[in-house]
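Feature annotations, reproduced from TrEMBL:
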- 12-32: transmembrane segment (TRANSMEM)
- 71-262: domain 'ABC transmembrane type-1' (DOMAIN)
- 75-94: transmembrane segment (TRANSMEM)
- 106-130: transmembrane segment (TRANSMEM)
- 142-162: transmembrane segment (TRANSMEM)
- 183-206: transmembrane segment (TRANSMEM)
- 240-263: transmembrane segment (TRANSMEM)
Amino acid sequence: MTKNNLGHRLMLAGSLILAVLFTAGPVAYLVFSSFKPEVEILSQTPTLLPGYWNLDNYRQLFEVTELVTGAKNSIITALLVTAITVLCASYTAYMLTRAKLLGLEFASKFLLFCYALPDVILGIGFYIVFSRVGLLDSYFSLALGQSAVTVPFGIWMLWAYFRQIPVEMDEAAIIDGANRLQVIRHVIWPIAMPGIAAVAVYSFIISWNEYTLANMLITRDDLKTLPIIMGQLVKQEGAFWGLAFSMASLSLIPAVLFVFFMLKPLVSGLSVGALKG
C-alpha cells in the first residue's frame, strides 16, 4: 500500500467518523438523556450516559401529555403529504419531461424559487385562504400547506429521473394500447422507483418534523401534531426537558420505521437499474 493510498483511506475514515459524530451524536445524547432525572439533565457537568437509569420521564409522558393523539395526527398528516407529493410530483414531472412546451427552463427555476420560500410566508397565505373558506383545523389544510413545501422539490427530483427514461418506451406502451396514466403507472414508476422512494421518504420526514405551518394552521388540541406538543414542553416560563427528550426519542420510531420500509423499493430499484445498465 502506497503512502498516497494510506493517506486517502485515513482521510476517508476521519471524514466518516466526523459525519457519524455530527449526525448520530446529538441523537444518542437525546435518547440517553430521556432516561435521566430532571436534576441530572440540568447538571452543570453533563454526561452522555445517565448516572441513574429510570423510566419516570416516559411514565409521566403518557400521563400529562397528549402523546398518542399527537402521534396519530402526525402519522395521518405525514401519510397524506407523502401521497400528495408523490402523485403531484410524478405527474407534473412527467408532463414537464414529455410535453414540448416553451418556458421549461423558467419552470425549473420557478420550482426552486417556490421551494426556497420560508414556511412563515406560506403559512400566512394559507391561513388567510383557509380561514375564509372554513378549512382551518383539519388534516387536509395542514397536509395541503406542508405539500406546498415538499411538492416543488419532489418535482425537481423526479424531473431528473424521468428525463433519463427514453421516450421510445412511452411510445411502445402507447402502441400496445396504454394511455398516459397507464404509461406513468406501469412504465415510468417502476423504472423511477428509487427517485419515487426518495421523494416519499423526504416528504414524510419533512411533514413529520414540520412545526411552523402546523402551529399556524392548527389550533384545536385534538388535532395538534407531535412537534407542537413538544414545543409546549419547552416554554419561556420553564422547560420540562425530561419529557421533551422522551417524546423526541419516541417520535424517532415512526420516522425510522418508514425509512426502513422504503429502503426495499429504493435498493431494489437501484439494483434493477444497475443490472439493466
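The count begins at 1 with the first shown residue.
Each residue, glycine too, has its Cβ placed from N, Cα and C.
Because TrEMBL annotations are produced automatically, they should be read as predictions rather than curated entries.
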Intrachain neighbours beyond the transmembrane segment (240-263), with Cβ under 8 angstroms and 6 or more residues off its ends: 27, 30-31, 33-34, 36-38, 41-42, 56-58, 60-61, 64-65, 67, 71, 74-75, 78, 197, 200-201, 204-205, 208-209, 226, 229-230, 233-234
For the transmembrane segment (183-206), distant same-chain residues with Cβ under 8 A (at least six beyond the ends): 78-79, 81-82, 85-86, 89-91, 94, 146-147, 149-150, 153-154, 157-158, 160-162, 165, 169-170, 173-174, 255, 258-259, 262-263, 265-266, 268-270, 272-273
